[in-house]
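So that you can see what the record holds, here are the features copied from Swiss-Prot:
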- HIS121: active site, proton donor (ACT_SITE)
- ASP60, HIS62, ASP88: Mn(2+) 1 binding site (BINDING)
- ASP88, ASN120, HIS169, HIS244: Mn(2+) 2 binding site (BINDING)
Amino acid sequence: MAVLTTHEIDCIIKELTSLNGSECTLKEELIERLIQQTREVIKWQPMLLELQAPVNICGDIHGQFTDLLRIFKACGFPPKANYLFLGDYVDRGKQSLETICLLFAYKVKYPLNFFLLRGNHESASINKIYGFYDEIKRRHTVRLWHSFTDCFNWLPVAALVGERIFCCHGGLSPSLRNLQQINHIQRPTDIPDEGIMCDLLWADLNHTTKGWGHNDRGVSFTFDKVIVRDFLKAFDLQLMVRAHEVVEDGYEFFANRQLVTVFSAPNYCGMMNNAGGVMSVSTDLICSFVIILPCHKYKMIATDANQMPTNEEE
C-alpha cells in the first residue's frame, strides 16, 4: 500500500478542518492508507511516552468532531501547539470517523508533537456496541472498522510529561510496581479483562471508601486519594492527569489537587450540559485550563483563570 505523500496528508487535514457540521468525503482507500501509516508511526513509540512541555492535554472527545475543532481554535492548531490526547476518540458522538481521521492525520504529520493515548473505547468489543462500528459500517465497510481496531491495538497507554506529570485514560493499578512495567506490555494487543493495562484504561476514582474498591462498571477497580498520594511519592511525581469520567466544569481535582480529571467533550451526548476542559502545561510545568463551553447554550469559548503550579512549593 502506497505511503501517503505530504500533499495527501495536507489535503486530508484541509478537508477535515474545513467541515462545518457535514460529513467528510474521504475515500475508503485513502482512509485505509492513513490508518496504516498511523500504525507505522505509533508502533515505534513506546507504551509509556516521555514528553516535554509545553503541551495541551485533552480528555474524552467521543466523536464530537465540531467540539474537537473548537479545541484547536481555542488552543492552537498543530504545529502551533503540542497535544496529548488521553483516549476515547470514538463512540457516542455523531462523527467518530472525522474525529479519528483528523487525529490520525495530525499524528502522521507531526509525530513528535502530537500524541494519542488509548482509551477504553479504542477496543473492538466496546466500540462495536457504542456507535463506532455502526457508523463505519454505514458509511464505508466492516473491513475498514477492522483496520481501525487493529491500529488501536498499537496505541500507547500512558505518558510522563516533564518527568513529573503522569497521564493515562482511566487510573491506577494495584499491579503497577514499576513504571517500566508499562513499556513491557506487548503489542499489538486488545485490552485485557484484568491487569495493568486494563486498570490504566478502566479504573475510576473512589470518593467514599478507602483503598482499592469495587468498580460499578464491572471491570477494574476504584482507588482513593491515599493511593494517589503514595503512587506520586513512590515515583517522584507531582501530578496525575486522567480522563474517563464526565466532570461538570471540564476538569475536576481529587486527592488534594494531586490528581485532575480532564473531560473534553462539552454537553456530552447532547444532554449533560457540562463544559469541556483542556489542561495546558507550560514549559515550567505550570498548569492552567481552557474551558470549552457548550456551544448550543453559550456560543463562546472561555479561558479559565484557575492556574495550578506543580512545582515543589505548592
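Placement of Cβ uses the backbone N, Cα and C atoms for every residue, glycine included.
A map of Swiss-Prot features onto the structure.
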residue: ASP60; record: Mn(2+) 1 binding site; Cβ within 10 Å: 28
residue: HIS62; record: Mn(2+) 1 binding site; Cβ within 10 Å: 28
residue: ASP88; record: Mn(2+) 1 binding site; Cβ within 10 Å: 28
residue: ASN120; record: Mn(2+) 2 binding site; Cβ within 10 Å: 25
residue: HIS121; record: active site, proton donor; Cβ within 10 Å: 27
residue: HIS169; record: Mn(2+) 2 binding site; Cβ within 10 Å: 26
residue: HIS244; record: Mn(2+) 2 binding site; Cβ within 10 Å: 25
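Looking at HIS169 (Mn(2+) 2 binding site) and HIS62 (Mn(2+) 1 binding site), their Cα atoms lie 13 Å from each other. For the pair formed by HIS62 (Mn(2+) 1 binding site) and HIS244 (Mn(2+) 2 binding site), distance between Cα atoms is given as 11 Å, rounded to the nearest Å.
Across the fold, the C-alpha of ASN120 (Mn(2+) 2 binding site) and the C-alpha of ASP88 (Mn(2+) 1 binding site) stand 7 Å from each other. Rounded to a whole number, the C-alpha distance linking the residue listed as 'active site, proton donor' with ASP88 (Mn(2+) 1 binding site) is 5 angstrom. A separation of roughly 7 Å, to the nearest angstrom, links the Cα atoms of HIS244 (Mn(2+) 2 binding site) and ASP60 (Mn(2+) 1 binding site). Under the three-state DSSP scheme, ASP60 (Mn(2+) 1 binding site) falls in the strand class.
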